[in-house]
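Q: The structure follows.
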Amino acid sequence: MIASTGSSGLYKAPLSKGLLLIPSFLSIVLTFLFQHQQELFLYNIKAIKEDFHIWKLISGRIICLDLKDTFCSSLLIYNFRTLERRFGSRKFTSFLLVTWTLSAVFDFLLVEALQFISGTTLTTLPSGFLAPVFSLFVPFYCSIPRVQLAEILGLFPITNKTLVYIVGLQLLTSSPYMLVVALSGLISGLCYTWDVLNVRQILCIPRWLADFFSRRLEPIFSSVEPVSEARVGMGATVDIQRQQRIELLDQQFMLSQLEHLGRRRPQQAGMLNWNRLFQPLRHRNFGNQAEPQDPSPATSEEHVAQLMEMGFSRADVLYALRASNNDVNVATNFLLQR
């Protein structure tokens, strides 16, 4: 299910909601009420290297000191909320933890490389939770379907991703040295995607810790499930209507991919027919279905656990995995559309 707008747009994305509210609030408070305390949150590379102020690696990489950076990064986090729905909050948190940690290393490597190549010495870098935001462009580019909406002069396509890239470009140009942070974040995102040096397992959020925060903090930042009328109704403003149209096209594109893949799969003895099964599944009330007693031999318990972490019930997950021949990506897309 893809929510449309408002608070329902953050449904099943509690971490994204927290990243939108808390850092933005602290950034505004520091800007207007505690300007003298901004020094504590300055990302000072020189102080870290020469004075061993290691704590600045944390404080300097959490809160933006420029309101324009706060605004742009908040817009990007809101648009990247779809990734949290796809990954699940635990995997999404692990991704941000890995990229936030790796980007701290790459920041220093890039600063040293810049000094070696051009002789430019950087003492500070833009503050805030910026490198992980740039790292999210990697899975956004790879996993979010591209839906063309219009063309400019018949040459330049406008897609559902265009605005996100424009906001990212605006954030990139907000500071002369933002390029260092952006490169650091993109490299970190690639390292996670390619699982360089087994970083996914080394810096993965433990299940017990994820369960603890899920019980304690998720109720605070959770959003109500959007009602069905919200998905078919017309938005009150042009911007809301445009967002609804983009998400509807995205949903239709994913469903067409599912149907196309179902037609391409060869019929096998003992396997369920894709086109025969998915049509009733779309109209089936999953909440009233009894959980299957025994998963089919082709169903991977690892995939079941992975999808259940995203908030789906075991019954829903088993139906989707069986119908997709245990293809976790296709099953994920279907579960998100129901």
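Using N, Cα and C of the backbone, Cβ positions are placed for all residues, glycine too.
From TrEMBL, here are the annotated features:
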type	residues	note
DOMAIN	298-338	domain 'UBA'
TRANSMEM	15-34	transmembrane segment
TRANSMEM	95-117	transmembrane segment
TRANSMEM	123-142	transmembrane segment
TRANSMEM	149-171	transmembrane segment
TRANSMEM	177-197	transmembrane segment
Q: Considering only the recorded stretches 15-34, 95-117, 177-197, state which has the highest number of Cβ pairs under 8 Å to the transmembrane segment (123-142).
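A: Per the Cβ count, the answer is 177-197.
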Q: Take the domain 'UBA' (298-338) and average the pLDDT across it for me.
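A: Across the domain 'UBA' (298-338), the average pLDDT comes out at 75.
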Q: For the domain 'UBA' (298-338), what are the DSSP-based totals of helix, strand and coil residues?
A: 28 helix, 0 strand, 13 coil
